[in-house]
Amino acid sequence: MFELNNFDALQIGLASPEKIREWSRGEVKKPETINYRTLKPERDGLFCERIFGPMKDWECHCGKYKRIRYKGIVCDRCGVEVTKAKVRRERMGHIELAAPVSHIWYFKGIPSRMGLILDMSPRALEKVLYFASYVVLDPKETPLLKKQLLNEKEYRESIDKYGDDSFVAAMGAEAVKTLLDEIDLEQSSIELKEELKTSTGQKKIRIIRRLEVVESFRKSGNRPDWMVIDVIPVIPPDLRPMVQLDGGRFATSDLNDLYRRVINRNNRLKKLLDLGAPDIIVRNEKRMLQEAVDALIDNGRRGRPVTGPGNRPLKSLSDMLKGKQGRFRQNLLGKRVDYSGRSVIVVGPELKMYQCGLPKEMALELFKPFVMKKLVQNGLAHNIKSAKRMVERVQPQVWDVLEEVISDHPVLLNRAPTLHRLGIQAFQPVLVEGRAIKLHPLVCTAYNADFDGDQMAVHVPLSVEAQAEARFLMLAAHNILKPSDGKPVSVPTQDMVLGSYYLTMDKDGVKGEGKVFSCPEEVLMAYQCKAVDIHAKIKVRLKKVIDGETIEGIIETTPGKIIFNESIPQDLGYIDRTIPENKLKLEVDFLVSKKTLGGIITKCYMKHGATKTSIMLDKIKAKGYHYSTIGAITISTSDMVVPESKRELLENTEKQVEKIQKMYRRGFISEEERYEKVIDLWTKTTEDVANALMESLDSFNPIYMMADSGARGSKSQIKQLAGMRGLMANPSGKILELPIKASFREGLDVLEYFISTHGARKGNADTALKTADSGYLTRRLVDVSQDVIVRQEDCGTEEGYEVSEIKEGNEVIEPLVERLSGRYPSEDIIHPTTGEVIVKRNTYMDEDIAQKVSDAGIKKVKIRSVFTCKSKHGVCARCYGMNMGTSQKIHIGEAVGIVAAQSIGEPGTQLTMRTFHTGGVAGADITQGLPRVEELFEARKPKGLAIVSEVSGTVKMEETKKKRTIIVVTDDGEEVSYDIPFGSRIKVKNGDIISAGDEITEGSINPHDILRIKGVDGVKNYLLSEVQKVYRLQGVDINDKHLEVVIRQMTRKIKIEDSGDTELLPGTMIDVFDFEEANREILEKGGEPAVGRIALLGITKAALATDSFLSAASFQETTRVLTDAAIKGKIDPLLGLKENVIIGKLIPAGTGMTRYRSIQINTDDENIEEDSMDSMEV
């Protein structure tokens, strides 16, 4: 039996008239919808019950048969089958057209498929279809040509000249249908291939296009004449509903209006034909019918759209699929789910890392069926119905049952926008009073949540499998690392950091300094009795049992550090425990800031795993809050101390500025230089004031503590509060030379305030724009890489990708260690001096090994990379390396494509929107930030192009009055010269040796040039390092492998240049692996292989070029994708995630992969692995 969800692929094609009649349950003959008096559908109308099924369950139209017992009977009076009303969602009808009409998608799309296959221009075709010209179908003996157009006058003249039956010419879709019918696809294909061999230029391009369409029809088994419609399918009435409003009026779907126009015109045409009306009237009616069908299929594609009341264009069938509100994105990819709720969030500092507070009433509603089942099980209710009543009346015993149900049932919390996979995590719910969800403070960073009114959604995983996945994979306590760079995401923030910082400070000359205590417990007692200050330097005798022997000794520390170290495992590697005198030292014996806390968490995670780390985090959280409260660290204006040296510094600078102005007035320096110098002076002064300020602040100054610990604020903010605000930019980004000399503490005057507002407003406008742009970039990234899944352990490739550190000038942007850790080398790494093998090929390198390689002085290493992975679909685990989110080796089934897209898209909002203005008249604006990332991923020609050397060789410079020229001399003496426009900065010097693809002037390079000069490896390298530069400059770390995944998708297609003996068409794009496959097959038969070269596609193009038409159609340009797919009879193999979500199957990643599908889960055993919650209750 065919199960609706049990198929492996999906094919799309053109529907033949026979097929449409086969789908249909009857012909719709009348434009009537519903009788407004009886509110019953009219017979043979658009809502007819005889065609589409009954309006009410088990009830025919006339009421002769009611109730389920007559199931399946067709009423003899009204002809309605007695069945469920749901069939009105699936039964189709049809309209028999009195004259054929063309399908607008195939006639009007770009390129016009109908025009290509007939070799007519779309313009000529339009004249024929809309009855403006005749087309010659059969010239017989006359000198006319086949497919020649004749207007009314020429047609009459030809008839007079050659006689009535001397030739055949016609107009309208009938004529086109006849022409399409006559096409012999096999013959056309052979002729076009012959022509292709001899043609060049524009003609060649046109032939390739035509050949593509002809081949599509030939291979798919679609017939060209099916592009002309004889029968129109009518979609089921419940998909185009009509409902009665309060006032007795009806609201209806636009489709009904469009269908009604088609039926009206069709019926009128039938009548005219029966009456034998004059040709001109019939012709006009046929044209109107053609236009009505066009509007139904795609309103507004040709001519003015048909409008409804209030001049609103009606929504046609195409509009139902298109865009954010269309079927694909609104209903198939974005479904609403049951068992969910949302509420405002408040902070829950008392929660454990894996808990969240769930409001009682919300929990009761969410877990209703579970509670009802439990009530019956516990004998508190006799049946489900009475249990339901108990829950709805909220009787007291319901709450105890709810507690029981909830105790081992995780829930998912989600905050929109979900920018990365940490935007949905699982928690163990704890019932709370009130109506707000309580959230653990440490997961706020991952959700990017704060408590100023944010809302979050709750979802309940229902099945046992879903609960298990939520508990073992999605529990917040297991998601401590960020998938984008493997650094911890649950780092304490704000108060917690401040409290930890305060605890680990020390101070001279406070109460109890120098005292000696017999044990840590005594220190705590002394502190609680206020006999010793928390920051006092004291000595304590410690005892420890190590390997069975007891060691004791005295260490110097503070009470605060003892308290802080209680919650830290004492073996994180901060202290070398092999040295005897270090054995008793406290692990964290330094001032703790946000940065060092991050380090402590990383070390703990690497050494002890997630469970222990989350326990440690909870302890740090509790201590941090407690001591930042006790420490009473708070801000007041008296903490903002204006440095005394400020006035003197300002006066000095003003004198120097005056000197510079004098020099300018005397003509010693240019306007440019004067501006540069003034800006430099003020920048330096601002710095000096800031430094003076930082020096003058006491280390116990609350504002200083907040900034220094990383809890809130930064040096630049303190500088503005108590130093001076400094230079400001105007909206276009130019720096004004009038600095703001005041600080906020002193107060700004009117002019200063006005200058400040400029920047502030631009910042706000920028942020709003950036969010939208960043979201759209993420969407495109997800679409291009969504089908990349780890599908095998090892693809067996011998190739590798050479990495070295990424530099910008002299500054290292990404060190080698970072590029190596978590990877496999593709060849043995040998120590350059000792010659020993440090790492064998295909051996996993962790951070320590990577550090070893780097320390050995090795600069370049060949590693296994996603770039060189040979897996046809997805990637293999070896080429991918480490899973950044768990710092383990990646598992098969991990959706690495989506993780990559999220990792690149999520920090998008942090990137700036700005364009830097470099000095100089012709100084090109260098794009940076988000626009630069977008430019790279879309493989666009960048603004501010650099000149690139096409050849390798030595640089020779020549300068004349008119122009500057750079000549590159190759090794065999050939010279290539480049003219340098004025205003561009040259990057090379005379006598430099450069290689092909190096830039001669500053600026960005067009990636397509790099592909041409340096090949595909060069362009991959360039894109990777350029994107990394943008992100690193903003302080965002993204692991290379995420960028590799996306860039690999951009370089997967080959453009065929010569087809050889293969079936491939020149000029078409084909997947690298399919190309190699086709060539392998031809070579085995002894034929000539195809020749092609790698094409670099931007992410939008690459996403549309995917094998899956469902994924492409749901992304962009829906109609174009579907038109193309239908002609080609494309088969969607359902390999990606999106297409499976669309048709409602499990996604082929994680436990949804086919290899896990057949696993049976036995649920009789109640304790699934001693519930992971208990193990965390340590």
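Each Cβ is built from the backbone N, Cα and C atoms, and glycine gets one as well.
Annotated Zn(2+) 1 binding site per Swiss-Prot: Cys60, Cys62, Cys75, Cys78, in sequence order, evidence recorded as sequence analysis. Neighbour list (Cys62 (Zn(2+) 1 binding site), Cβ cut-off 8 Å, at least 6 residues apart, same chain): Cys75, Arg77, Cys78, Val80. In the three-state DSSP scheme, Cys62 (Zn(2+) 1 binding site) is classed as coil.
Summarising the environment of Asp454 (Mg(2+) binding site), the number of other Cβ atoms within 10 Å of its Cβ, over all protein chains shown, is 17. Classification of Asp454 (Mg(2+) binding site) by DSSP places it in coil, neither helical nor stranded. Residues or ranges marked as Mg(2+) binding site by Swiss-Prot: Asp450, Asp452, Asp454.
In the three-state DSSP scheme, Cys869 (Zn(2+) 2 binding site) falls into the coil class. Per Swiss-Prot, Zn(2+) 2 binding site is recorded for Cys795, Cys869, Cys876, Cys879.
According to DSSP, Cys876 (Zn(2+) 2 binding site) sits within a strand segment. Neighbour counts of Cβ atoms within 10 Å were compared for the binding-site residues Cys60, Cys78, and the top value is held by Cys60. Across the structure, Cys60 (Zn(2+) 1 binding site) and Asp454 (Mg(2+) binding site) are spaced 52 Å apart at their Cα atoms.
Listed in sequence order, the residues of the same chain lying 6 or more apart from Cys795 (Zn(2+) 2 binding site) and placing their CB within less than 8 Å of its CB are Cys869, Lys870, Ser871, Val875, Cys876, Arg878, Cys879.
Just so you know, of the binding-site residues Asp450, Asp452, the Cβ with the fewest other Cβ atoms around it within 10 Å is the one at Asp452. Counting every protein chain shown, the Cβ of Cys876 (Zn(2+) 2 binding site) has 21 other Cβ atoms within 10 Å. When other Cβ atoms within 10 Å of the Cβ of Cys879 (Zn(2+) 2 binding site) are tallied across all protein chains shown, the result is 30. In sequence order, Gln792, Asp794, Thr797, Arg864, Val866, Thr868, Lys870, Ser871, Val875, Ala877, Arg878, Tyr880 are the same-chain residues whose CB sits within 8 A of the CB centroid of Cys795, Cys869, Cys876, Cys879, the residues recorded for Zn(2+) 2 being left out.
The Cβ of Cys75 (Zn(2+) 1 binding site) has 20 neighbouring Cβ atoms from other residues within 10 Å, across all protein chains displayed. Excluding Cys60, Cys62, Cys75, Cys78 themselves, the residues of that chain whose CB lies within 8 A of the CB mean position for the Zn(2+) 1 site are, in sequence, His61, Gly63, Lys64, Tyr65, Asp76, Arg77, Gly79, Val80. Taking the Cβ of Cys869 (Zn(2+) 2 binding site) as centre and 10 Å as the limit, one finds 25 other Cβ atoms among all the protein chains shown. Excluding Asp450, Asp452, Asp454, which define the Mg(2+) site, the same chain contributes Ile345, Ala449, Phe451, Gly453 within 8 Å (Cβ to the Cβ centroid), listed in sequence order.
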